[in-house]
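TrEMBL annotations:
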DOMAIN    14-430  domain 'Enolpyruvate transferase'
BINDING   K28, S29, R33, S178, Q180, D326, K353  3-phosphoshikimate binding site
BINDING   K28, G102, R130, Q180, R357, R398  phosphoenolpyruvate binding site
ACT_SITE  D326  active site, proton acceptor
Amino acid sequence: MSQESTSLSFIATPANAVNGEITVPGDKSVSHRSIMFGALAEGTTHISGFLPGQDCLATMNSFKAMGIEIEGPDAEQNVTVYGKGLHGLTAPEKPLDIGNSGTSIRLLSGILAGQRFNASMAGDSSLNKRPMGRVITPLKQMGANIDAAVDGTPPVVTQALGQDQQLNAIHYDLPMASAQVKSCVLLAGMYASGTTSVTEPGITRDHTERMLTAFGYPVTVEGNKISIEGGHKLKACDIQVPGDISSATFFMVAGLIAKEGQITIKNVGMNPTRIGAINILKQMNGDLTVMNERMAGGEPVADILVKSSNLQGIDIDERDVPLAIDEFPAIFIAAACATGTTRLRGAEELRVKESDRIQAMADGLTILDINCTVYDDGIDIIGGQITSGTVDSQDDHRIAMSFAISSLRATGAVTILDCDNVATSFPNFVALANQVGLSLNQE
Ligand code: S3P
């Protein structure tokens with residue numbers, strides 16, 4: 001369906017110092033949800049700070065294909081969504097192209113399960129390998145007519161509910177700590193009769209719960225149990241998307257591992273369910289200062305000052321794993337630059353991201369002469385001297401950006417293959433990296 005990536009490479013040559021003040025693009029998770037909730041709300045939703053990455057544009061295009069009028073993003077990343085209410089979507093004329101975005105396909109599964117029209121979703125070669133059984137299992141329990149390929153991968157196909165048919169409310173114990181699965185079940189719960197609840201084995205990002213509240217839809221959170229009753233309405237509101245802490249992490253690690261300098265990253269989302277990377281990097285002796293903490297659009301934000309640091313290897317606290325799940329590729333680069341060994345366990349979910357992130361990072365680190373040992377659910381990384389060489393991003397945006405910043409401590413050029421996907425989450429990454437002092441060329 002999507003165009004397969006051409007083959008953009010990054011050539012990162014060593015640089016000593018990083019300096020400056022930057023603002024990273026909007027949060028990916030919040031941007032996706034702002035379109036989804038805006039489309040299903042009654043009234044007009046104004047979004048500022050939207051992430052114009054390919055993943056969020058795939059969500060936007062999917063809702064346009066289901067009859068929702070959306071304007072933007074403009075040059076200031078403002079978006080206007082003309083919502084049509086929970087029952088206002090119309091049948092898409094063709095299969096929805098979800099590109100590379102796991103969040104879009106899994107959250108949309110919950111929404112499409114409640115519709116009275118047929119739909120089908122698939123994406124690029126990476127997304128089409130990722131597990132969808134995790135959302136299909138609970139949705140089938142709710143009575144949805146939903147299926148994927150025999151091996152549980154996309155396409156995900158939903159059949160219309162019958163005229164008199166409604167989804168059933170269920171209680172679902174999430175088998176894995178996944179905000180996408182939690183959100184999928186809660187979104188389907190808006191279309192079910194009765195109260196749907198989920199319990200999560202570890203705290204995961206709570207943007208869905210926060211945004212339900214912002215849109216006036218009642219949701220109850222009691223410890224690790226979240227409940228939602230079907231049949232209420234979403235009312236349009238204004239959403240200010242904070243800077244994405246996942247994107248900021250590349251610059252946190254860059255600032256820490258650079259031999260000299262300091263970077264200030266402005267307006268970063270500091271939702272407590274997302275700050276695992278800050279906890280981990282501080283435990284590694286990283287000099288990070290969180291400043292100007294404030295609330296913006298229902299989410300806490302702050303500025304982060306990062307200074308060059310002598311990092312130490314640590315045993316990563318498993319409780320931080322879901323709170324830092326997207327940040328591990330960058331944290332692994334910090335570990336490669338630290339004194340001693342960093343050990344991660346309880347992170348088997350990393351194997352089913354845009355790539356198998358444990359193996360992809362281990363392969364690249366090994367090429368750059370960093371010793372590591374891979375486990376089913378984690379990795380040991382022994383800090384050392386990053387050398388030079390050609391590594392493969394395996395078509396994964398976060399692997400590409402992580403090896404780009406590794407060049408700050410490399411003895412020679414690091415070439416990274418297959419970097420097109422950086423545009424899925426961080427379209428201006430190369431410009432910002434060069435602005436602070438990295439030396440990154442694209443070929
Ligand atoms: C996301 C949840 C996480 C994360 C992904 C975004 C979300 O996925 O890795 O990038 O927006 O809900 P899982 O739910 O699979 O952990």
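Placement of Cβ uses the backbone N, Cα and C atoms for every residue, glycine included.
Highest Cβ count within 10 Å among the binding-site residues S29, S178, Q180: S29. According to DSSP, R357 (phosphoenolpyruvate binding site) sits within a helical segment. For ligand 1, the neighbouring binding-site residues among S29, R33, R130, R398 are S29, by Cβ distance under 6 Å. For R130 (phosphoenolpyruvate binding site), the nearest neighbour among the listed binding-site residues (K28, S29, Q180, D326, K353), judged by C-alpha distance, is K353. Residue pairs drawn from K28, S29, R33, S178, Q180, D326, K353, the listed 3-phosphoshikimate binders, are separated by up to 19 Å at the Cα level. Proximity of R357 (phosphoenolpyruvate binding site) to non-local residues of its own chain (separation of 6 or more, Cβ distance below 8 Å) is seen for F328, P329, L350, R351, D396, R398, I399, given in sequence order.
According to DSSP, R130 (phosphoenolpyruvate binding site) is assigned to coil rather than to any helix or strand.
Within the model, the domain 'Enolpyruvate transferase' (14-430) carries an average pLDDT of 98. Note on proximity: of the binding-site residues K28, S29, R33, S178, Q180, the one nearest G102 (phosphoenolpyruvate binding site) is Q180, by Cα distance. Reduced to three states, the DSSP call for G102 (phosphoenolpyruvate binding site) is helix.
The candidate set comprises the binding-site residues K28, R130, R398. Of these, R398 has the most other Cβ atoms within 10 Å.
Neighbour counts of Cβ atoms within 10 Å were compared for the binding-site residues R33, K353, and the top value is held by R33. Neighbour counts of Cβ atoms within 10 Å were compared across the binding-site residues G102, D326; the minimum falls on G102.
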